[in-house]
Structures are given as structure tokens and as C-alpha cells.
Amino acid sequence: MRTLLSFLLIFTLYLINGSLAAATDPSANQLIIKFNDSTSSTQKQTIFQTVHANELSTIENGNFSLISLPEGSDLNTVAATLSAFQQVELVDRNYEVTPNHTPSDPYYSKQWHLKKINMPKAWNVTFGSPDIKVAVIDAGVQTSHPDLKAHIIAPYNALTGGKSIPASAHGTHVAGIIAASMNKTGITGIAPKVKIIPINVFEGEEADIYTVVDGIDYAVQAGADIINLSLTTEDYTDVLDYAVQEAYKKGVIVVAAAGNDNTSRLQYPASHKHVIAVSATTQKDTRAAFSNFGSYIDLAAPGVDIYSTVPKGRYAKDSGTSMAAPTVSGACALILSKNPFLTPTEVENILKKSSVDLGAKGRDKYYGYGRINAYAALKQTPALPMSKLKLSSRTIAFNGTNNLPISFSAKKGTKISLYIKNSKGQVIRRLATNKAWTGGTYTRRWDGKTDSGSFAPSGQIKVTAKMSNGKHSVYRVAYVTVRNT
């Protein structure tokens, strides 16, 4: 049993971005909990009762419990509730165990690029979060494709201003590389749980700068975290540069293909500042013969014979830096899924520092800083900028002279709101509102009173900390039972 447990722990993910990374075929309504060594049986039963759970089995002298939950339970919410208890060290779904994570999608074996960038290990960290949105500014996407339809949100046609977009082969292929579902059908994308905002800017084979700029602006307004631009022009324009810089200022990562002309001439938007320019590599980690190159190249990624989605619910191979760019966009989405508070520059630097150096040592004109390694990038991705909440007691009776210390640590500049909720989920006391902390360990004390000055009624109280960067919010929670007389 110890060997199996060690194997399970390879796949045990702690709470990422306030939620559990989704798994392939987890046992229905089951969670695995690791308790600290000092947890008593009585304490465990009290915790189980909080979420209406039944203990199915224990291992490792009772430190690990397998629990079942009522049908229809939100596992993310339950996991957040359980992780708030001081006795709980780890919570996760009951995954099927396989040697590294190998998708069951039938065409996975044709997707050589996934193993090349170390995706099986990367998926042990995260499959991506549905809170992360990638805009595919391209020639349209088949939004009804079986491997894509679950991920499509807010489609936009920049030519008509409407929501109806064409089902182009190019755009559908790009979208599948990023986020095709891990669903035992077809292929799997790099970040199979993130959302895709498909934006059409092409009329047939033609597009213009204005339409692309409109697409970028729409993507920003729609809340995109990443913009993928598998398109190029040799013509520099201030308006395209402006659109890209505005997206960057608003915290959006912009990824662009270097182009397929085997030339060192500057290509746009790839050559713009604050754009991640991507060249293409082969299965042998050499530069693709067609791939453009030059001093503007930031990173390289697989771009030859990439198998992905195409219209009519089908799949096909395609080659180009148009395939390499979404590979990088997918990796960016995974990094943000683990920590959505990172800036575009921080994400780019993580990818550069974790890349596999190819060609001449250090940065070069063919591969930039190197070919991406998604797993290595996730290992270098920092944790969320706030610790779990710690309470001095789990039960308290307020008498007008005592208080409840609430402790946590936060990195400099982290904006955190701290408030108290009653058993009905209503906010009854605000201890801090969107405060930017200077960095360090903090203790806030609650005197047991509501904002109106009266004592909170007896019952279970939820202490909640909300981290926010204006686009994403992550919560930390802890519970205390108030027993006022």
C-alpha cells in the first residue's frame, strides 16, 4: 500500500488558484485528504460532518482518508472548505493513476509535440483553469467542433461586428493546439481546461491591420489573458503597435508567429515590443526550414506536422510558425492557471529561463532563448502571493474584552480584502478592503462584532480573504464557531 500511495502523491495537486485542477475520470464525488499527525478521530469526524462526507477508507495510520460526498457536490468548493481546517494538509480528487498523465484521446499518439515540451508531467501540475481565456485572432474557428465546443466563449467577427464566425481550417487548428478537450475524443490541447475567445479578422485569405486592431481591442475588452496572433505582415504600423502595447499595459500576454518565409526580415506583430515572437522547430529540435529568424525571436516551439482540429469535426496535420505560436500560448495559459497574478513580463521570463537551449549557446536568432518546456516552466512558476489563513482558535465566545487573531502572510503589493461572513454567507464585518500590503506576516484581530457594532450571533463563521488583481480573484477561507451567550 505504501508503494501505491507514493505513486498517488505524484499526482496529488494542492489547490491551484483556489480550485482543483480537473482530472480525467476521477472517481465520482471522492476526495483524498491528508491530515497532520496530531489529528484525532473526533476532529476528523467533525470535519467530515462539515461537508456531509462519509469516510470510505484510511491509509498511512489514518493520516490519509478517502471520502465520498453527496451526489452533485461541487468538489472545488468542498476542497476549499476542507483545506481551511488547520488539521488538513492536502486535498485532491481521487485520480486514476497512470505513469505520467497520458490522455486517452485516440489521436494523442500523433501529437509528438506534446511529449517534446514535456506535457505529460506538466498535466500533473495543472490542466489549465476555465478562468483563463485565450483569444485566437485568426480566420475563424469551428465553434461546434466536438473537441472545442466546451471551451468557446464570446466569439466575435471583426468583419461584421457580430457573433457568427466562419469555420476556417487555420483558426480551428490553432484553437485545438491550445485547448482541445481531454475527453477520449480526437486530440488533446496543451491547456485542455482553459477558454477560447475566437475572433475572425480574415475574409477568405485576406485581412488588414484595422481589422486585426479591432480584434485585439475586442479581446482585451472581453477579458482575454492571452492573445494568439498566428498571422504576419512585413509592414510596420503605429496603430498595430499601439494596440499591442495597450493590451500589454492591461496585463494581456501577446504571442505571435514569426512567419514562414525563411527570412530574417522583420515581421509584425512578432517584432513589436512586448510580443512573444515564436519560431518553429522539428521533431529533432532543429529549426523548421520555413521558419523565419532574426534578433526579434524570443522562443521556439514545435511547428512541423502538428496534429490538431479542423472543420467538420475532423483532425489533420499542419506545419508553420502558426502552429508554434499557439503551443507557446497554451504554455502561457498553464502558467497563469497556476498563478493568475503574474504579469506578462513575468510569464515570458519564466518561459525563457525554463526553455531548452538549442543552437548557439544562449539566445540566438533561430531559437531565441530556446524551445519551450512546459513542465520546467510550471516548476519555476511561483506560488500564489498569499498564505492560508491561520486562526488562533476554532471556537470562541466573545465577551467584549477578547478577540480572534487572524494571521497570514502576503507578498508586497498584493491587494487583499479580509471580511467575516455569517452562516448564511452574508458579509457582517469588513476588516480590510482591497488593501495593498507592504509584504510580510500580518495579524488582524476580530472583536466578534459586526459592522453595525453588535456581537455576531452564535454559529459557524467564515473568515474570508480575497486576493484580486482586477481580473482574477482567489480566495482563502477559514472557519470558527462562535458561541456567544
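In case you wondered, yes, glycine gets a Cβ from its N, Cα and C as well.
Listed in TrEMBL for this protein:
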- 1-21: signal peptide (SIGNAL)
- 28-91: domain 'Fervidolysin-like N-terminal prodomain' (DOMAIN)
- 131-370: domain 'Peptidase S8/S53' (DOMAIN)
- Asp138: active site, charge relay system (ACT_SITE)
- His170: active site, charge relay system (ACT_SITE)
- Ser322: active site, charge relay system (ACT_SITE)
- 398-470: domain 'FlgD/Vpr Ig-like' (DOMAIN)
Residues satisfying Cβ distance under 8 Å from Ser322 (active site, charge relay system), sequence separation of at least 6: His170, His173, Val174, Ser230, Leu231, Ala257, Asn260, Gly303
Protein Cβ atoms within 10 Å of Asp138 (active site, charge relay system), excluding its own: 27
Model confidence over the domain 'Fervidolysin-like N-terminal prodomain' (28-91) (mean pLDDT, whole number): 85
Structural state of Asp138 (active site, charge relay system), classified by DSSP into three states: strand
Helix, strand and coil counts within the domain 'Fervidolysin-like N-terminal prodomain' (28-91) (DSSP): 19 helix, 21 strand, 24 coil
